[in-house]
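Undergrad: The structure under discussion is supplied below as structure tokens; questions concerning it will follow.
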Amino acid sequence: MALNSSTEDGIKRIQDDCPRAGRHSYIFVMIPTLYSIIFVVGIFGNSLVVIVIYFYMKLKTVASVFLLNLALADLCFLLTLPLWAVYTAMEYRWPFGNHLCKIASASVSFNLYASVFLLTCLSIDRYLAIVHPMKSRLRRTMLVAKVTCIIIWLMAGLASLPAVIHRNVYFIENTNITVCAFHYESRNSTLPIGLGLTKNILGFLFPFLIILTSYTLIWKALKKAYEIQKNKPRNDDIFRIIMAIVLFFFFSWVPHQIFTFLDVLIQLGVIHDCKIADIVDTAMPITICIAYFNNCLNPLFYGFLGKKFKKYFLQLLKYIPPKAKSHSSLSTKMSTLSYRPSDNMSSAAKKPASCSEVE
């Protein structure tokens, strides 16, 4: 959406260079429906994840701390999703005022960064737990995990500030509607390109490279360990899990990141064609649905890689309350296999534990 502005009576009025871009009847029906599904599934699933980790698993492990914070970040975002559903169903007419516009927009940005940062830290933790279990024991503590999560929330909050500052309610004169949108006073401004590149690089590229590297090193270490033990089926299981984790992250976010970059080019006036603007504005909410639906499934996806999580999750669904006294040992490895390949790899007698165990 390319916008030009003027101010009257304290209300920002803008002109939309491509007023019909992204405005299709099927979008106004399909997207609110998808948002509603994401809201129901996400609230239900992430609430159960919080209950399982906090009340059943007792939040005793590093991985559970990251997973709990991941679910909480998703819940914060999901609470604002009904606003976006109504906004889209009303054909991009924002009825909730400027403050909720800023809060809802910041929540979307916050969830993006918090979730990606937490998944990145989770991959690093899995790498340390599997490949360097003894060396990392002193670093992989509950205190370090909690401090890391606090830092992540602060960083995500800082990354969301532009939404609080620059996202506002505007009145589009040539379409006679009120929207909640980003608007930049000058097309020569470096702000939109800076925000777009930050989202592309800090919100996707760097985290993806770290996640890819971490799980590649994990797979190599486990492959070596299982070759020593001649356990090929086990090695194949690990490879599939790791590939699923990496590809799940990649394909969830790539479409949204691509169209975010194109949207920046439109805002800067690099792209003038309204047909391209229409494609971008039409595709953007669809890519958001893909990215954030998968995002909200992440806690369940990662949690179900662990046998203990699955056990407690099924107990919760059957209304079986948590035991008053927690188990003395608790799996913390997510897709990590309580087996530690760096511990006496040459010992063929040592049998690896479940490859899907979440320590």
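Please read every residue number as a count from 1 along the shown chain.
Cβ atoms are placed via backbone N, Cα and C, with glycine included.
From a predicted model like this one, the values you see are computed outputs, not experimental measurements.
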Undergrad: Return whether the side of the membrane given for K12 in Swiss-Prot is the same as that given for I218.
TA: no
Undergrad: Which residue, chosen from N188, N344, is annotated N-linked glycosylation site in Swiss-Prot?
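TA: Checking Swiss-Prot against N188, N344, the N-linked glycosylation site entry points to N188.
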Undergrad: Could you identify, going by Swiss-Prot, the member of C18, C76, C149, C180 that forms a disulphide bond with C101?
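TA: Checking Swiss-Prot, the candidate bonded to C101 through a disulfide is C180.
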Undergrad: So C18 is in a disulfide according to Swiss-Prot. Which of these is its partner: C274, C289, C296, C355?
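TA: So the cysteine that Swiss-Prot bonds to C18 would be C274.
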Undergrad: Given C180 (disulfide bond) and C18 (disulfide bond), what distance in Å do their CA atoms have, once rounded to a whole number?
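TA: C180 (disulfide bond) and C18 (disulfide bond) have their Cα atoms 16 Å apart.
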Undergrad: In the structure shown, which of the disulfide-bonded residues C101, C180, C274 has the fewest other Cβ atoms within 10 Å?
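TA: Output over disulfide-bonded residues C101, C180, C274: least Cβ neighbours within 10 Å is C274.
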Undergrad: Roughly where does the topological domain 'Cytoplasmic' (305-359) sit in mean pLDDT, to the nearest integer?
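TA: In the predicted model, the topological domain 'Cytoplasmic' (305-359) has a mean pLDDT of 49.
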Undergrad: If one measures from the C-alpha of C18 (disulfide bond) to the C-alpha of N176 (N-linked glycosylation site), what distance in angstrom results, rounded to a whole number?
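TA: Approximately 14 Å lies between the Cα of C18 (disulfide bond) and that of N176 (N-linked glycosylation site).
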Undergrad: At the Cα level, what's the spacing in Å between N176 (N-linked glycosylation site) and C101 (disulfide bond), rounded?
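TA: The Cα atom of N176 (N-linked glycosylation site) is 18 Å away from the Cα atom of C101 (disulfide bond).
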Undergrad: Please figure out which one of 26-55, 142-165, 191-216, 279-304 racks up the most CB pairs under 8 Å against the transmembrane segment (99-125).
TA: 142-165
Undergrad: Let me know the DSSP-derived helix, strand or coil state of C180 (disulfide bond), please.
TA: strand
